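What TrEMBL annotates here:
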type     : residues                                       : note
ACT_SITE : Asp609                                         : active site
BINDING  : His365, His367, Asp456, Asp609                 : Zn(2+) 1 binding site
BINDING  : His367, Phe368, Arg369, Asn399, Asn582, His613 : substrate binding site
BINDING  : Asp456, His483, His536                         : Zn(2+) 2 binding site
DOMAIN   : 32-162                                         : domain 'DUF6382'
DOMAIN   : 217-274                                        : domain 'DZANK-type'
DOMAIN   : 355-540                                        : domain 'Dihydroorotase catalytic'
Amino acid sequence: MGKVKVTSKNNQVKVQIRSSNGEQLNQNMAAYLSSVNVEGFLPFYIVTNSEGFTAEYGAAGFETAKDFFKNRVIDQNTFYNFIDSSVKALSGMSAYNMEYGNVLVSLDTVLVESRTGRAMYLYYPVYGYNNGNFFNTFLGDVVSNMTTPSATDVSYIERLNDMLRHPDSMSWDTLKEYADSVKVIIPNVPQMHPASYSEPVITPVQPINSGNAGKTCPVCGTYNALADAVFCSNCGNRLNLDDINVSIVETEYKTCPACGFVNSPDSVFCAGCGIKMDEYKMPEDKQETDEKKEIQNTSILIKNGRVVDPVSGTDEVIDVFIKNNVIEEIGHDINAADFNSEESDNIKIINADGMIVAPGLVDTHVHFRDPGFTYKEDIITGASAAARGGFTTVVCMANTKPVVDNVETLRYIQEKGETTGIHVMQTATVTKELNGTELVDMEALADAGAAGFTDDGIPIMDEHVLVTAMKKAVELDLPISLHEEDPEFIIRPGVNQGKVSDQLGYGGASATAEDVMVARDCMLALNTGASVCIQHISSGNSVELVRLAKKLGADIHAEATPHHFTLTEDAVLKYGTNARMNPPLRTENDREKIIEGIKDGTIDMIVTDHAPHSEEEKAKPLENAPSGITGLETSLALGIKSLVEPGHISLMKLIELMSKNPAEFYRMVPGSITKGASADIVIFGEKDLWTVNREDFASKACNSPFIGWELPGKVHYTICSGKIIYQA
Ligand SMILES: NC(=O)N[C@@H](CC(=O)O)C(=O)O
Ligand SMILES: [Zn+2]
């Protein structure tokens, strides 16, 4: 392939690479460039105003990329390949943002600015892209950046728009032609080039992974000396395991306060678990004070609590005695004095007078973002949020990076989960890289302990793929959970298509998007006999469809989230991006039908869909912010407020929906307050009011519309495997 200068007339091109998910783009950029021999004669300069970089990794990765591009010449092929590799890698993770058809996270923006002030944005489309609306949105930005949009500009945009729909036919020459033909003034982009331009100085740049000593971070370039480092000590990103080649011996070490991994002395981020060590605040209940140690090592006697246990049907004030991780005894009037003095000295007594003592809650739909998006949440902080919410078991969704479509990633999560104090279960995806077409090795993943299979975040559109997966799931006796939104009926995700989206001119996601898929999958479940869960149901008609399928004998189940039974689309006007989620909040009528479904058992699980995002991400305009809200720390309270207090269901029923049913769906033995059962227990005040404060969240994220709400149902203790893992 010949080398083509992509420059303006006077030979200078400035490139700004922006990504709606900056850190990923840069990770790929740095990794790719470390593996190529850069040659050619196109000088690239990266300029940044940090736009589009949402995480600290982004900035670090960006600096590396800048260094790489500086004074280098890159040929067309290299550039193409680089963009290609970035886009391919990005498309695999589109699920987390739920932008249908691989939009947004998969879409990268390259600004080519010529020295004459002429510039263009190249919107590089991703494979599998199938929704033109986003391009139009971005192209709209271009138009709005034009100082004097003329008829030519408009026709240019139209041409570009058309070209982007056929990326294969896009040539470098066309790109060049566009770069010099469009008058786009980009504000706030610093001028990088001196007025008198001379040929770039080509200085040889060391490849990223040079030499034999050490493992260089593909994102920020920092040298990590320890052979078994998994995460970069500087930027916290995952290091490429293939590149391990370490010989340097460190003399002083820094032990991670969260996971105990021994790091090199100047490490900022832990190479074992990825947390920022200096800023890590150990959850109070994990601090090794003498008092806590004592609590951890003693038996626990819970006195005078009202035991509400849907498994045994118990609803009475009764004492519970815990020893050796299990419930040793339940009964009236168990007293410390009943035990011999040595034992009774070591009993931690909890006075649960006026409180509810229930089986530990089970949330079977959480996103802990680990690996890959640990700036939003990680397994340790996710588990702390769970404990604070009264949960002792969680089932994590698989839209991490890499996605859980392989045994190695599954094991990583399971092993880290074991250090948290709660039970962390992990699902695997149905399809590889969530691509909707190729099935994962379901058997191997089942053998390795996957809790079930789900492409949560994106719908599975291909019936053949889904039916094959359902049949395999039947063989493996594992459930399949489905995110039901057909992109055909979505103009923009995250907000209901209705009065609010009309008011905002947003487009929105129609309830039909959910209904058509739920109708299909109810019938497929019936037909295959698979155990299927309709995730986070949001539409009243979908509830009706599940009701019918259950009546017909399908092994079908449905989840409802606290936000879907508490809020309606109006919340978007009040809480903005913190009310943007997939599927969206819908109408009062839908909300009522969800409650009806909960009452009559059509909906059998309450889950949070805990979907943490960073403040920066949620600070973006509604159309650009990611979908999803956190939920673990407000779920029980909202269940009481929206379902129990108005008299829709009993407290017993709420606990059934938040513990027994989800556990059983994912093939676990449900927790119960009975002799011999594992001591997984939540103790809360049903009517104890508390205020949701953003500072109090144990989660890394605080993207919740419920901040400032006063809620009932304060959790006082969470006990998991006989240990107090949270205490208010
Ligand atoms: N619910 C959301 O809006 N987002 C979830 C994905 C999902 O559960 O669909 C996420 O991963 O952020
Ligand atoms: Zn989902």
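Heads up, the Cβ atoms here are built off N, Cα and C, so glycines get one too.
A quick note: this is a predicted structure, and the numbers were derived from the prediction, not measured.
Shown on the structure are the features that TrEMBL records.
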residue: His365; record: Zn(2+) 1 binding site; contacts (Cβ under 8 Å, 6+ apart): Val395, Met397, Asp456, Ser481, Gln535, His536, Glu559, Thr561, Val607, Thr608, Asp609, His610
residue: Phe368; record: substrate binding site; contacts (Cβ under 8 Å, 6+ apart): Glu377, Asp378, Ile379, Gly382, Ala383, Val394, Cys396, Thr400, Ile413, Val424, His610
residue: His613; record: substrate binding site; contacts (Cβ under 8 Å, 6+ apart): Lys376, Ala625, Pro626, Gly628, Ala701, Asn703
> With the Zn(2+) 1 site defined by His365, His367, Asp456, Asp609, which remaining residues of that chain have Cβ atoms positioned within 8 Å of the Cβ centroid?
Replying inline: Val366, Met397, Gly457, Gln535, His536, Val607, Thr608, His610, Ala611, Gly628
> Do you know offhand how many angstrom separate Arg369 (substrate binding site) and His483 (Zn(2+) 2 binding site) by C-alpha?
Replying inline: 17
> C-alpha of His483 (Zn(2+) 2 binding site) to C-alpha of His367 (Zn(2+) 1 binding site): distance in Å?
Replying inline: 14
> Which binding-site residues, if any, among Phe368, Asp456, Asn582 have a Cβ under 6 Å from ligand 1, given in order along the chain?
Replying inline: Asp456, Asn582
> From His367, Asp456, His483, which binding-site residues have a C-beta atom under 6 Å away from some atom of ligand 2?
Replying inline: Asp456, His483
> At the level of the C-alpha atoms, what whole-angstrom distance separates His367 (Zn(2+) 1 binding site) and Asn582 (substrate binding site)?
Replying inline: 13
> So for Arg369 (substrate binding site), how many other CB atoms are inside 10 Å of its CB?
Replying inline: 27
>> Let's check the environment of Asp456 (Zn(2+) 1 binding site): how many other CB atoms sit within 10 Å of its CB?
In response: 28
> Within 8 Å of the Cβ centre of Asp456, His483, His536, which other residues of the chain have their Cβ, at the recorded Zn(2+) 2 site?
Replying inline: His365, Met397, Thr454, Gly457, Ser481, Leu482, Glu484, Gln535, Asn582, Pro583, Asp609
> How big is the substrate site in terms of the longest C-alpha to C-alpha distance among His367, Phe368, Arg369, Asn399, Asn582, His613, in angstrom?
Replying inline: 17
> Can you tell me the three-state DSSP label for His365 (Zn(2+) 1 binding site)?
Replying inline: strand
> Looking only at Cβ atoms, how many others are within 10 Å of the one on His367 (Zn(2+) 1 binding site)?
Replying inline: 27
> Around His536 (Zn(2+) 2 binding site), how many other CB atoms lie within 10 A of its CB?
Replying inline: 25
